[in-house]
Amino acid sequence: MPARHNTGPVETRLARSLSASGAASLADSKFATYLDQNDKLADLRAQFSIPNKRTVCASTPGDGAAPPTGTGDGEQESVYLAGNSLGLMPKRTPELLSQELQVWSTSGVLGHTDHEYGRPWVKIDEQVTPFLAEIQSEVACMGTLTGNLHTLFTSFYQPTPQRYKIMYEGKAFPSDSYAFASHVALHDYPPSSLLPVYPREGEHAIRTEDILRIIEEEGDSIAVICFGAVQYYSGQWFDMEAITKAGRAKGCIVGFDCAHAVGNVPLKLHDWGVDFACWCSYKYLNAGPGGIAGLFVHERWEDRKRLHGWWGHDKATRFAMPSSYTPLPGAAGWQFSNPSVLDVVALLASLQIFDAAAHVLPRELADGHVSPRGHVLGALREKSVDLTGYLEMLLRSSKYYRDLSSSEGADQTASTSASTAAAGVTFTIITPLDPAQRGCQLSLLFEPVESMDWIFDRMRSRGVLGDERRPGVIRFAPVPLYNTYSDALRAAQALDECLAAYESREVI
Ligand SMILES: *Cc1c(COP(=O)(O)O)cnc(C)c1O
């Protein structure tokens, strides 16, 4: 993965803002404040409940960092950078939930068709699908992520002795790799039918050229290719279009797990020709823990065999309950159960905020500004690129930062200064530095890896919450809907303090 030169569009935009702000440097709090004041989307943060510092600090060991006390510090908002794991709650969610409880309590079963707030439960999914895709017939709001993956594999993994392999990224989220293995076993194919692809030795991202080469070499025996669209661990956003094109040219079915992509990066599943996709909605879609998930099926698969249930049956005759089955057209025909209404409206509360954000920047502008790969997130993607780029630049200017591109395979003198060499604690960013190959997550790998837990706890005691992946990775996800440039600065400064504390602890 070639390093990006410090002259990309993000750097140029930030440099321009820096001179306009009159601040001394990127790390000057005056600059972060300036960026927040000039953020067109800054008002959206007020629509979310931000956990306070006291909650984030609770039960973390102290190290001399002032613990929040009753003096008011604990009431300060935390720096919540864990939206890739669980998105924050929109303040409107309790209101929508209580409306549904009210309809239930006053109308009982009648709420299915007669709903005080205009959301009859019988077609509750129609409240959210318009927000999920431009071609609504290709998406369904249903189930849970791993359940949907199984549903889709039941349809799309039909191995034959010639074509039976499942290709995916090595170190996939374990639920996905368990699911893939179980489908291979269900069809009595050997575990060698699983084809994980790994980064090259010493690298953290998987090169597109390597993926395409393996598709070229093994494609004739691959039944399904299913990558995590944005890799949960490294944060790499795969080149979905190139993978889809190459896989389909070889006769493979190409799907994606979009758990870390939906609401994070612009997706053009239809235009790219993706066969199927699934996602959960409690990460970047902020639908709440375990919230309702979704799936996409390209319209070319209208007649694909699938699992049936009454909710996939034609709405016109669903309640007549005929003995023969008439599937709904499109992805809706993959549903089988009536969805949890409380879960659907929790998702709706968040999607309404996305919708407001999408209108901040006219689409044409968002398109030109961002990338040719997608546009649905509009201004959110624009802010995401800059906010994550800002955090990246702050982190890379840390004296503890180890530059992968200059130290890999080269002599060590280039990468170590006297101060870091002494105690040896460093970190690097394993997420691609090219914004076109990532969403808002940056994954930091610490060395020695044992330092990570210690640092993670101390970050919490400073009110900064990321997400840890043992052995050595902390993930930070500055989410453009509710995170600020000041959050990025607080996180970078807290990290430096923690690394300094770790360093002195080691030396003593
Ligand atoms: C979050 C996540 C899951 C979790 O699966 P659930 O079925 O929602 O529990 C699975 N796979 C990936 C890639 C994820 O990111």
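Placement of Cβ uses the backbone N, Cα and C atoms for every residue, glycine included.
Here's what TrEMBL has on this protein:
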type     : residues                                                                               : note
REGION   : 55-77                                                                                  : region 'Disordered'
COMPBIAS : 60-70                                                                                  : compositional bias 'Low complexity'
BINDING  : Leu145, Thr146, Phe173, Pro174, Ser175, Asp176, Asp257, His260, Tyr282, Trp310, Asn338 : pyridoxal 5'-phosphate binding site
DOMAIN   : 209-301                                                                                : domain 'Aminotransferase class V'
MOD_RES  : Lys283                                                                                 : N6-(pyridoxal phosphate)lysine
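Feature map: TrEMBL annotations on the structure.
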residue : record                              : DSSP class
Leu145  : pyridoxal 5'-phosphate binding site : helix
Phe173  : pyridoxal 5'-phosphate binding site : coil
Asp257  : pyridoxal 5'-phosphate binding site : strand
Tyr282  : pyridoxal 5'-phosphate binding site : coil
Asn338  : pyridoxal 5'-phosphate binding site : coil
Checking proximity to ligand 1 here: which binding-site residues out of Leu145, Phe173, Ser175, Asp257, Tyr282, Asn338 have their Cβ closer than 6 Å to it?
Leu145, Phe173, Ser175, Asp257
If the pyridoxal 5'-phosphate binders are Leu145, Thr146, Phe173, Pro174, Ser175, Asp176, Asp257, His260, Tyr282, Trp310, Asn338 per the record, what's the largest distance between their Cα atoms, in Å?
31
In sequence order, which same-chain residues at least six apart have a C-beta under 8 angstroms from Leu145 (pyridoxal 5'-phosphate binding site)?
Ser175, Asp257, Ala259, Cys278, Trp279, Cys280, Ala293
Can you count the other CB atoms that lie within 10 A of the CB of Ser175 (pyridoxal 5'-phosphate binding site)?
15
Stretch-averaged pLDDT - the domain 'Aminotransferase class V' (209-301):
97
Within 10 Å of each Cβ, count the other Cβ atoms and name the one among the recorded positions Phe173, Tyr282, Lys283, Asn338 with the highest count.
Lys283
